[in-house]
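Here is the structure we will look at.
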Amino acid sequence: MSTATPATAAPKRSFTASAAVYVNERTSLAGFVKELGRKAFPDHWSFLLGEVALFSFVVVFITGTFLTFFFQASMVEVHYDGSYVPLKGVEMSAAMASTLDISFDIRGGLFIRQMHHWAALLFVAAIGLHMLRIYFTGAFRKPREFNWLIGWVLFVLAMAEGFTGYSLPDDLLSGNGLRIIDGLIKGLPLIGTWTSFMLFGGEFPGTVIVGRLYSLHILLLPALVAIMIAIHLVLVVVHKHTQYAAPGKTQNNAVGPPILPAYAGKAGGFFFIVFGVLALIASFFTINPIWNYGPYDPSPVSAGTQPDWYIGFADGALRLVPPGWEFVLFDRTWSFNIIAPVAVIGIFLVLAIAYPFIEAWVKGDKREHHLADRPRNAPTRTAIGAAGVTFYAALWAAASSDIIATHFKLTMEGVIHAIQAILILGPFIAYFITKRIAIGLQKKDREIVLHGYESGRIVKLPGGEFIEVHQPLDEYDRWRLVSQESYEPLMLRPNAKGKITAGMRLRASLSRWFFEDRIAPVTKAELEQSKHDHH
Amino acid sequence: MAQDEKSGTDIAAAGSSHAEHELVNAGTAVIDPDPFENPGFPPHRHRVTDENPKREKRAQRTVYTLFYLSIVGSIWAVAAYMLFPIESGDPTDIRLNNMFFGIGCALALLAIGFGAVHWAKSLMSDVEQVDERHEIGGSPETQAAAAKVFADADEESGFSRRSVIRNSLIGALLAFPLPAVVAFRGLAPQDQIPVPLLYHTMWRKGTRLALDPSGAPIKASDVTMGSAFHVIPEGLAELEHGKLEEKAKAAVLLMRLDPNDLHPSPGREDWAYDGIVAYSKICTHVGCPVALYEQHTHHLLCPCHQSQFDITHEAAVIFGPAKRPLPQLPITVDDEGYLVARSDFTEPVGPSFWERH
């Protein structure tokens with residue numbers, strides 16, 4: 001009995017405490033909790049976009065797992081024998097038939113299927129918006145460049161996940177989507193024909209593509225997405241989140257609610273809100289009603305068909321090619337009506353991934369940046385972003401050119417020509433307008449810092465003159481407006497060898513483009529001077 | 001203008017810079033020698049739930065009500081699963097099952113979400129945590145220690161010293177995935193050569209034109225002026241294997257126009273029969289079915305990318321990204337008056353490919 005004495009002498013612990021001790025003694029989690037449990041997590045609505053992406057992926061994962069229990073990734077021909085009367089007896093692939101069964105013969109199946117599709121659409125959309133937030137606030141700057149790369153990879157993977165999933169039911173709409181992919185691949189120089197044969201296991205459509213896409217859709221791609229998300233989040237922890245300049249928030253701290261409990265409460269709750277909103281959408285709004293399209297058949301097609309939204313820009317790029325861009329040269333067919341849009345999309349994506357490195361090279365700034373920029377304070381970057389968004393939007397709109405034409409009673413040709421013009425001119429217009437707006441806002445900020453804001457109080461001076469009283473800012477409000485990075489154009493100087501290289505010239509001209517019309521932030525001396533003027 | 005590559009001393013005075021940042025090149029950044037000071041955190045403002053016990057109680061009530069509501073939602077969903085069967089196959093039943101089950105799930109989830117967020121925002125402490133940031137690269141000591149690990153490992157293994165071993169290993173590592181790459185050749189059938197397959201379709205001399213999808217042969221007399229038929233080769237519907245692959249190449253659109261409206265080029269005058277023409281239905285752009293026929297203009301439109309073809313001019317492209325006209329299937333009639341092919345297409349149908357010439 002004496003051996004039991006020390007145990008009984010130990011302080012009595014609650015069940016949770018005992019459980020925590022039990023787990024910790026086997027995992028050493030205490031150090032982890034101590035390190036991360038109270039980490040500050042800066043808060044802002046725009047930081048939620050990445051969370052939406054993460055949470056919708058979780059929803060996609062959960063609902064997708066359910067679907068795998070019923071879906072048959074097989075193109076074996078069967079005669080449909082389910083509950084949906086109009087298709088009874090129709091020949092279709094097992095993939096299509098099992099998708100119909102999920103929709104019509106498994107209770108809750110349609111709900112899960114619709115939630116899966118809606119969540120996938122939201123997943124890609126949230127990644128896109130999250131990327132725009134990162135871009136416009138400069139949150140890709142050192143030390144976060146890798147996370148920009150990973151985020152970009154996730155965006156591409158998400159689109160690939162979306163397209164492979166979209167193609168699985170083997171319905172008429174997705175089959176025509178695959179037909180377009182086949183035509184696109186065949187048009188690529190040198191590798192096209194064989195690549196198509198390898199993808200489809202012979203001639204299009206073949207009998208293997210659904211099974212192959214299924215492997216990618218539920219195994220390879222999700223594994224890559226999960227790995228990328230894990231690295232992405234580990235780096236967020238390592239870097240600590242960015243924050244907007246505010247009183248008390250500096251380059252050297254991270255300020256926000258601690259992970260436990262307040263942040264966990266908010267983010268955990270937000271997960272359920274995202275999940276719940278998707279459930280609500282899935283219960284009321286039909287998505288991808290494959291029973292209306294019927295099984296894939298290479299001959300019929302319905303007018304006004306649309307891909308899922310994130311493929312729109314690629315489909316639009318194909319539509320915008322002017323007639324006649326195909327030549328036979330050296331006894332080979334050069335399909336520039338395919339090569340050109342593929343190249344345009346490729347260049348667009350490469351520019352997106354390369355931008356942080358280009359900007360860092362132009363600035364030459366090797367410091368870490370943890371305060372997010374206000375978009376106005378980086379006018380050229382913001383304007384380039386607006387140009388990119390416009391370019392993407394033009395491609396995207398082109399994917400609906402026929403719908404636009406029929407809805408607004410325009411000619412098909414007129415819509416295409418208009419979007420072609422927008423594709424070329426729109427980015428320039430967006431660039432100039434955005435840059436002017438950003439600079440205008442910077443000027444307004446300067447005004448407010450120097451002369452205060454308009455109080456709306458009109459005062460009549462003894463001389464009969466009316467003036468509006470300007471209220472000076474308090475130091476907290478002022479700090480938000482004066483705390484910003486500022487850069488000047490690079491002065492070209494010979495290097496150590498006394499030479500000016502082409503690279504240096506390029507960098508100097510880019511630097512001039514970026515920074516020549518900068519609005520300098522207010523300095524203390526200027527503020528003093530303006531106070532002096534007022535008295 | 002800014003001078004680049006200025007040494008850290010230029011920016012040593014930068015107030016916003018952390019002590020560890022000071023020796024880092026700031027590039028063309030403008031460093032204000034006398035910057036504004038960060039005023040520090042504004043005084044903490046208490047929430048109404050911190051100051052008014054009544055409001056705190058109310059918030060507490062809201063949160064637990066939401067959580068109870070979530071339980072109601074879950075029970076609702078389970079009940080809806082049982083109360084709304086779908087076995088009748090009636091679309092209304094499916095819609096009801098989907099909606100009521102979904103509403104229950106949505107309520108269960110949203111109520112947890114709003115409850116937790118409300119709890120966090122109104123009842124949990126809103127005092128913010130302030131964490132110090134440290135240089136991401138770690139301290140110079142850590143970096144030196146890591147460098148030493150690599151140096152020691154290099155020394156102990158001889159990775160740099162024994163260059164023959166190292167290089168042969170690199171070679172082996174580069175070579176070993178090659179068999180895996182080669183194995184992917186099997187993705188395409190070993191016994192098929194793509195190009196000849198792409199050059200030929202199921203159409204032969206004398207193959208009857210049949211209706212899609214029934215497979216019934218078409219008499220020339222059935223094709224009235226202005227009509228259009230979706231056509232497949234006779235026998236395609238009965239194929240055991242490769243039906244869709246054949247159809248993806250052989251699908252044809254048949255139209256009857258006034259023979260005076262047709263403008264056949266030399267050598268193709270007899271490819272039509274009494275104003276009846278047959279064109280491949282597979283778009284020469286990326287292969288969608290060119291299924292929309294505008295009868296009064298005799299134009300064909302591809303709904304995927306809006307290429308338009310003029311049937312009166314041998315399906316020449318008049319708009320859109322396609323380049324080549326739709327291939328024409330030469331047709332005539334047999335003894336019984338059925339429309340038949342005079343031969344296969346004289347060129348590959350469908351999207352362009354590299355080896356096409």
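The backbone N, Cα and C atoms fix where each Cβ goes, and this holds for glycine too.
Per TrEMBL, the features are as follows:
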DOMAIN    B:249-340  domain 'Rieske'
REGION    B:30-56  region 'Disordered'
TRANSMEM  B:63-84  transmembrane segment
TRANSMEM  B:99-120  transmembrane segment
TRANSMEM  B:169-188  transmembrane segment
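For the region 'Disordered' (B:30-56), residue counts in helix, strand and coil come to 8 helix, 0 strand, 19 coil, using DSSP. Counting only same-chain residues 6+ beyond the ends of the transmembrane segment (B:169-188), those with a CB under 8 A from a CB of the stretch are 194. For the domain 'Rieske' (B:249-340), the DSSP counts in helix, strand and coil order read 11 helix, 34 strand, 47 coil.
Within the model, the domain 'Rieske' (B:249-340) shows a mean pLDDT value of 93, rounded to a whole number.
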